[in-house]
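Undergrad: Encoded as structure tokens, here's the structure I'll be asking about.
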Amino acid sequence: MPDSGNIQLDTLQHKDHSQETTSHYEGGSQLPEQESLDTNIQDDSVEYPGLIRVILITMGVALCSFCVGLDNTILATAIPKITSEFNSLEDMSWYVSAYLLVTSAFILSFGKIYTYYSVKWTYLISLGLFELGSLICAITPSSAGLIVGRAISGLGSAGLFPGSVIILSNIAPLHQRPLLTAFIGIMSGIATVTGPILGGVFTDRLSWRWCFYINLPIGGVTAVVVFLFMKTMKVKKNVPTSQKIKGLDWIGTAVFIPAIVSLLLALQWGGARYNWQNVRIIMLFIIAGVLGMVWLLIQRWKKEEATIPPRLMQRRSVVGTCIYTIPFVGCVIVLGYYLPIWFQSVKGVSASQSGIMNLPTVVGTIVVGLLSSVLIMRVGYMMPFLVLGSVMLAVGAGLCSTFQRSSGSAEWIGYQAMIGMGAGLGYQLPLLVVQADVPAADVPVATAVVIFMQNLAGSIFSAIAQTVFQNQLANSVQILAPSVNPESILDGGTVDLSDRFPSDVLPSILQAYNTAVTHTFYAGVAAASLSVFGAFIVRWNVSVKKKVPPEPLVPGGSHSGAERDSKNGT
């Protein structure tokens, strides 16, 4: 007897395309159903939760996304106090790197774990790891303990990133997910922007340890909500444990982790700790390249047991979203990082004031993100919104590249609003595209791939922007203020410039900073423009409203992968 608090799914002939359940080897040979996957809806007797449960679960997951977003940026204003307390200036970069490296290294692995094991319990275990890491960071008496805690939190966040999106696919049909996904993305975006402000408040008023204590009660609320209100769907247990373990691709993971760690270390250290020609950076890139090629060969060899099954990357929309995501998110990262630097260095405001001046971007993202979600729920198609998001983001970045020292509030408010609208249109859509395009059994891996690309974009474009900024700043200082040593500029930071330089050279220094920052926005313009090509690769008819009959699961009645793609317009 169905629970009265639940909503019955549509009839069998109206199931979402995202609820397909058949997987195939290359060439069309059939694989066993992956019926252990929570998101793999088997028949029309399965029920989605009722409205109250959907709201509670979404709010719980959104709170967790807020915590994860905070952890990405909250230490920006707290690190000086931490290094002073621990007397550990040499460890400073590891407070951020330990978290980022572990998160990026394990995101794809969690995509496979979510494929074979309960979404609910995998998410709760990931949340437990994140909370444990936060607790260690909050109470640690040493710098080493803080680094270990950050690494453990990073491992947990690797499961929370894709888990949040996968949970939404468990609690709502595809055509209702745009609004839920937008809400999750907005909470994460707000946390990313407000993180440095909260970090400064905690550090000045309480203690830097509250940057981590704050995660404990919020994560606790999420854990209670998910545990009580999210049900593990009934599925047939016909996948042997040995096959599940084998399907986690241990060989591929063992090669992928050192490959991605080498790449990220090269991107983080290059131009900062060492110059790009340093033998350490060159060797890291070589190691990353060689291991990356080995990993690709392993994926081809393992086929369906690979971390990313090759057939998944043969789908136009998956490839398109990856090509779209890297430059699009890269542009958002560059603008999000260097707009506050422009406010603080050129306009001379404090960190908290720069956060307030950054609100037009936040408001634009929230408003347009919600409005576009409602529109997508009505029209279904997403490709036009991807293109429009890229265009608006590129225009906004281009307008910001015209900033001058004399630029007034009308300019920086209006230009940021354009950036926010572009980000609101395109940031979360790739996650919906892959959910609408791939079979349900592939949703966890496809989701993890997109989120991994988002993380990778941050590392790549942060390194590019940092190189552009530092080189342009040094060149501008040599031209505009030849009496000033460029090294002292680079080592001194971007704040309190009026206190560090005499009045006769200060205008030249401010102009040099303005030139350096606006040149980084050129990289944002190029990135946003490139993302348009990815949007056009995505199939135009991928829709959150499109209903197709499920493929037959009996031998002789199933379609080959190529036939299925042809039917769906791939």
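For all residues, glycine too, the Cβ spot is worked out from N, Cα and C.
From a predicted model like this one, the values you see are computed outputs, not experimental measurements.
From Swiss-Prot, for reference:
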REGION    1-34  region 'Disordered'
COMPBIAS  1-11  compositional bias 'Polar residues'
TRANSMEM  50-70  transmembrane segment
TRANSMEM  94-114  transmembrane segment
TRANSMEM  121-141  transmembrane segment
TRANSMEM  151-171  transmembrane segment
TRANSMEM  182-202  transmembrane segment
TRANSMEM  210-230  transmembrane segment
TRANSMEM  247-267  transmembrane segment
TRANSMEM  278-298  transmembrane segment
TRANSMEM  356-376  transmembrane segment
TRANSMEM  379-399  transmembrane segment
TRANSMEM  445-465  transmembrane segment
TRANSMEM  517-537  transmembrane segment
CARBOHYD  N541  N-linked glycosylation site
REGION    550-570  region 'Disordered'
COMPBIAS  561-570  compositional bias 'Basic and acidic residues'
Undergrad: Quick check for me: are there 3+ Cβ pairs below 8 Å between the transmembrane segment (151-171) and the transmembrane segment (94-114), leaving out pairs under 6 residues apart?
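TA: Taking Cβ pairs at least 6 residues apart, the transmembrane segment (94-114) and the transmembrane segment (151-171) are in contact, with 3 or more under 8 Å.
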Undergrad: Answer with yes or no whether the transmembrane segment (356-376) touches the transmembrane segment (50-70) by the criterion of at least three Cβ pairs under 8 A, sequence separation 6 or more.
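TA: Contact absent: fewer than 3 Cβ pairs fall under 8 Å.
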Undergrad: Name the range, of those listed as 182-202, 247-267, 278-298, 445-465, that has the largest tally of Cβ pairs under 8 Å with the transmembrane segment (356-376).
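TA: The stretch with the most contacts is 182-202.
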Undergrad: Thinking of Cβ pairs under 8 Å, which stretch from 182-202, 210-230, 278-298, 445-465 has the most of them with the transmembrane segment (121-141)?
TA: 210-230
Undergrad: With DSSP assignments reduced to helix, strand and coil, which class does N541 (N-linked glycosylation site) get?
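TA: Coil, per DSSP.
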Undergrad: Could you check whether the transmembrane segment (517-537) and the transmembrane segment (379-399) come into contact, where contact means at least 3 Cβ pairs under 8 Å with the two residues of each pair 6 or more apart in sequence?
TA: yes
Undergrad: Does the transmembrane segment (247-267) come near the transmembrane segment (94-114), with 3+ Cβ pairs under 8 Å (pairs 6 or more apart)?
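TA: Answer yes: the transmembrane segment (247-267) meets the transmembrane segment (94-114) with 3 or more Cβ pairs below 8 Å.
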Undergrad: For the transmembrane segment (445-465), which recorded stretch in the set 94-114, 182-202, 210-230, 379-399 gives the largest number of Cβ pairs separated by under 8 Å?
TA: 94-114
Undergrad: Taking the Cβ of N541 (N-linked glycosylation site) as centre, how many other Cβ atoms lie within 10 Å?
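TA: Taking every protein chain into account, the count is 14.
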